[in-house]
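Notes follow once the structure below has been shown.
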Amino acid sequence: MSTTPTLSHLDESGQIRMVDVGHKTDTDRVAIARGSVRMNATAYGLLTQPGQGKGEVLNTARVAAVLAAKRCAELIPLCHSLPLAFVGIDFELDEAAHSVHIRATCRTQYKTGVEMEAMTACSVAALTIYDMCKAADKGIVIEQIRLQYKAGGKSGEWRND
């Protein structure tokens, strides 16, 4: 017998609520989010020019992403505060598409997952790249921010390849 999907942050009367995770057992959890920042050739050239933008822009975006993951519960109203064990941010430069591909990985051992932390980290990394490159391209596009993988807890492993 299958269960009908529900919105977990709404009660029976449709009012918002924080999900009660007090009864759950701490388990190892991991989530990976991905996204991309696409820009024009000029901005991409400045970003990737040796001794120019790449190091500073991407390092700033990495630090911003880690901070965002740590503060996720302050930004997303019904998100639980949780102890992050790890936040990792990786960038892949895509010259053909003038894009930076972002991968945010978060881990914890807790009662609830780290999907929101990974998604927030990825989003803020993308926004930071946008902020630092917008002078060279007002038309920068942040795209495809999504959960790619999660594991742990009752729902187990999930992939979005």
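All positions are counted from 1 along the displayed chain.
Using the three backbone atoms N, Cα and C, a Cβ is placed for every residue, glycine included.
Sequence annotations record features per position, and here Swiss-Prot assigns substrate binding site to LEU78, CYS79, HIS80, MET116, GLU117. CYS79 (substrate binding site) falls within neither a helix nor a strand when secondary structure is assigned with DSSP, and so counts as coil. Listed in sequence order, the residues of the same chain lying 6 or more apart from CYS79 (substrate binding site) and placing their CB within less than 8 Å of its CB are CYS72, ALA73, MET116.
Per Swiss-Prot, active site is recorded for ASP131, and the stated evidence type is sequence analysis. Using a 10 Å radius centred on the Cβ of ASP131 (active site) and all shown protein chains, the other Cβ atoms total 14.
Local packing around the Cβ, expressed as the count of other Cβ atoms within 10 angstroms, is greatest for GLU117 among the binding-site residues HIS80, GLU117.
Note on proximity: of the binding-site residues LEU78, HIS80, GLU117, the one nearest ASP131 (active site) is GLU117, by Cα distance. Comparing the binding-site residues LEU78, MET116 by how many other C-beta atoms lie within 10 angstroms of each C-beta, the top residue is MET116.
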